[in-house]
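Novice: Let me begin by handing over the structure; questions about it come next.
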Amino acid sequence: MTKLDVRRRCALRWNHALVPNALRNVQDVRKMTNEFIIRRSDDMRAEITSPTHRFVVDLIARECSCNRWTLTGMPCSHATALIQEIRGLDIVEFIDPCYYTEAYLATYELRVNPLMDRQLWEHVELGYTVLPPMSRRPRGRPKKNRIKDPNEAKRTKRMHKCSRCGNWGHHKSSCKESLQAIEAQGTQALPKQPRKQQPKRRANNKKTTSTPGTVEGSQPHVKGGNQSAVGVSSQG
């Protein structure tokens, strides 16, 4: 609603018969006609020669062999050169009416009526309930991904950086660079730290390292005597 009103009020300030974009295009095309050579066959037909190509212009049929006039509705540079060559012709007469200011005003002359708040709407009893349309579930597994537009830009895959060698495109687990190459590049690659091994539990019975019949850390057993006798004999 607001856009229609803004464009209509802007068009009321235009003084020329053409819209500003069409008028700007005509001024740009007139600057390109200095290098053309015009060879007229009659009053409304001519052969226009440029430094690289040659075209045929017919003002009665409003056509040019370059087909730009037919596609856009505005005279091309070749047709403009012939129109300027003939005295009494105005280029505005050969432009499609859709580029006129009157056509622009006619496009936006309609108004959109303003709408009051929903709470002020008049409540109407229809006498029946509008149900959703009858639908049947299609065969097959339902799609999870939405249908993308053919002109929609595809999302690029995210690149991963390896924390081992510093290169892009792979992870540390799949890195194939050698340590010599990594050290030559001067990357901050740290070697993998070994896991701390927990000490194994020892058995209750200690292993003996002395002769059979003796236990490590204990005195040998002597038959027929006591410990005091053994200590005295050892001192003597």
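Glycine is no exception: its Cβ is also placed from the backbone N, Cα and C atoms.
Copying in the features that TrEMBL gives for the protein in this structure:
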COMPBIAS  136-146  compositional bias 'Basic residues'
COMPBIAS  155-169  compositional bias 'Basic residues'
COMPBIAS  193-205  compositional bias 'Basic residues'
COMPBIAS  206-217  compositional bias 'Polar residues'
COMPBIAS  225-236  compositional bias 'Polar residues'
DOMAIN    55-87  domain 'SWIM-type'
DOMAIN    161-177  domain 'CCHC-type'
REGION    132-169  region 'Disordered'
REGION    183-236  region 'Disordered'
Novice: With DSSP as the reference, give the number of residues of the compositional bias 'Basic residues' (136-146) in helix, strand and coil.
Specialist: 0 helix, 0 strand, 11 coil
Novice: What are the helix, strand and coil residue counts for the domain 'SWIM-type' (55-87) according to DSSP?
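Specialist: Tallying H, G and I as helix, E and B as strand, the rest coil: 14 helix, 6 strand, 13 coil.
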